[in-house]
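For reference, the structure is listed below as structure tokens.
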Amino acid sequence: MKIATWNVNSLRTRLDHVTQWLTENPVDVLCLQETKVVDKDFPRSPLEDLGYHLYFSGQKSYNGVAILSRSPLESLSIGFSPVVGESIGDLDEQKRVISGALGDLRIVNLYVPNGSEVGSDKYQYKLRWLSVLRDYLQELLTETPHVLVCGDFNIAPEDRDIHNPVGRANHIMASIAEREALEKSVLSIGFIDIFRQFNPDPGQFSWWDYRAAAFVKNMGWRIDHHYLSANLVEKAIACTIDKTPRSWEKPSDHVPVVVELS
DNA sequence: ATGGCATCTAACAGATGA
């Protein structure tokens, strides 16, 4: 079974890329972020025609997440509050969390806040959001030991995940507090960054800035991830980054990351 | 280098992204 994650930076703008990629890579599940489309305008037919069931949570202009699955998902859950309760303030207003189950496997699709600049209000929001993510994932782990958490994390976990780590301690997506939050909310409760189980090398990225010809110079960041719960790691066969769509015309700035499970 | 580029909007400039 193959599961992919891809921040498409507007699903409607990238619809041809998504359908082309799915035609060439007929994964079982595709988790999308930054769909930027309200639910009533979600482009259903082109994706259903490829054989996918669609699950989505969108809003106008920003954010938005979706799961495309060849088999129907069970126990669909949108946002943090169905899992952690209503005491999370404004953290479900932005549509960043969707989850569903395939048998005993729970799949969680996340679009972690960007954070803008270190120390900004959006940065504090990102850290608050990650704090609630810990409660959310811990609760899910009590329900099933087989949890896959994927998405755009907007955090490069280590310096080898950045083309040039100089100044990263105060850089958004690599600051000390962000990495500590990722450690506390995901890694410390047993999740494994499965890409690094197969690929230890530097220079492997999932996002390249649109500016300064970053892609052709491979000046990227690895910020899109698949985390597997400890009980799922032994089922992992491969995890790969597909850079191909970044070279297509008018691409997303992110590319798909695919994990294969037995 | 507060640029460089892309996407969105009760748009045509400003917010957001990373």
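Cβ from N, Cα, C; glycine included.
Residues or ranges marked as Mg(2+) binding site in TrEMBL: A:ASN7, A:GLU34, A:ASP152, A:ASN154, A:ASP253, A:HIS254. In sequence order, A:ASN7, A:VAL8, A:ASN9, A:SER10, A:TYR62, A:ASN63, A:GLY64, A:TYR111, A:ASP152 are the residues of the chain that are 6 or more apart from A:GLU34 (Mg(2+) binding site) and have a CB within less than 8 Å of its CB.
Taken from TrEMBL, the feature active site, proton donor/acceptor covers A:ASP152. Secondary structure at A:ASP152 (Mg(2+) binding site), taken from DSSP and collapsed to helix, strand or coil, is strand.
Here TrEMBL flags A:ASP224 as site 'Important for catalytic activity'. Cβ neighbours within 10 Å of A:ASP224 (site 'Important for catalytic activity'), excluding its own Cβ and spanning all shown chains: 25.
Among the features that TrEMBL reports, active site, proton acceptor is placed at A:HIS254. Around A:HIS254 (Mg(2+) binding site), taking its Cβ as the centre, 24 other Cβ atoms fall within 10 Å, counting all chains.
Cβ neighbour count for A:ASN7 (Mg(2+) binding site): 25 (other Cβ atoms within 10 Å of its Cβ, all protein chains included). Comparing A:ASP253 (Mg(2+) binding site) with A:ASP224 (site 'Important for catalytic activity'), their Cα atoms are 11 Å apart once rounded. Cα-Cα distance from A:ASP224 (site 'Important for catalytic activity') to A:ASN154 (Mg(2+) binding site): 7 Å (rounded to the nearest whole number).
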